[in-house]
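To start, the structure itself, in structure tokens.
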Amino acid sequence: MGSTNELKASISTVDVLRQCNTYVFDCDGVLWDSNKLLPGAVDLVNYLLETDRHVFLITNNSTKSVEQYSEKCCRLGLPVSEKNIVCSSNVAATYLQSKGISGPIYVIGHDGVGLELDKCGITHFGIGPDDPLNSDPLYGICLDPNTSGVLVGFDDHFNYRKLLKATSYIARGVPFFATNEDAQLPAGDTVLPACLVMLLFFSIIFLVRLYAASSSSPGTGAIVAAVKFASGKDPIVMGKPHQPTFDMLCRLHNIKVEKTIMVGDRLDTDIMFGNRFRMHTACVMTGVTDAELLAKIQTDPTAVELRPSFTFQSVEELFKTLHLAERG
């Protein structure tokens, strides 16, 4: 919305909100903050469903499976079914399956990735701690010659051994996949990363462990960057704003993008995703984006894809705007 301090909206804003029959939401920073619902979230989702609109949740967080996100929605009182939830772990597993990759896949990630790979019949290994039995980080390194890919997501057990294994497999020519690239959250057969990579790696490990419990922790993008830099290869990225997530949304629902709005809090994932695939976009200010950043991108000619169609203080304001326009 042009002004986020008022509930008065321009005619074009109201018209768009009313004509959209599909609402796509990011989760953390939009509908909830960690395990706490944000004001207006339940009212908005209930209202959209009561008015026969479609509601989808799309998250780049790969630590949970679709089923686990569905359980979270149930606990929070959000009436969103499993078939209307898209997470990057699910996108990754479905993408690999569509390419005929059955594993084994070396995974840097959480159980959520493993659960989705299991559902698609893709074998995998690597999830969980991988600590050396002595002080030598290379002790006992053994590479599986049958490995058919590397998939990187968020992993709070990430260490040098995992980086070493991932880069070594990629050097053998297997494909490199990443669940997402979000900056924040919320010898012999092996290839030894160079000194600069070591510096980058240990910086990432320090930040991940130091801020593991904070509200602004380093995200998957930091881990992907280490693997990317060490291997010299770019990954195929699954999450927003990339094609595989849009393809998954289209598989779930025959959307008409001109009648779809993407509601998110992050400009370089949520808003870019919506803009890239020609949806309407709305940024809410309850997450990572603030007024200063919004003002900055308006004058940056390289940031066109980051500019939302509308801005709201919260989903509560969006709900009140839409409800007032339709019900008075």
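Each residue, glycine too, has its Cβ placed from N, Cα and C.
Mg(2+) binds D26, D28 as TrEMBL records it, and from the list D247, D265, D268 the residue named for this site is D265. D28 (active site, proton donor) carries a strand DSSP state (E or B).
A sphere of 10 angstroms centred on the C-beta of K240 (substrate binding site) encloses 31 other C-beta atoms. The secondary structure of D265 (Mg(2+) binding site), as reduced to three states from DSSP, is coil rather than helix or strand. Of the listed active-site residues, namely D26, D28, the sparsest CB environment within 10 A is found at D28. Around the Cβ of D265 (Mg(2+) binding site), the same chain contributes D26, G29, V30, C283, V284, M285, T286, G287, V288, T289, each under 8 angstroms and 6 or more positions distant in sequence. The CA atom of K240 (substrate binding site) is located 14 Å away from the CA atom of D28 (active site, proton donor).
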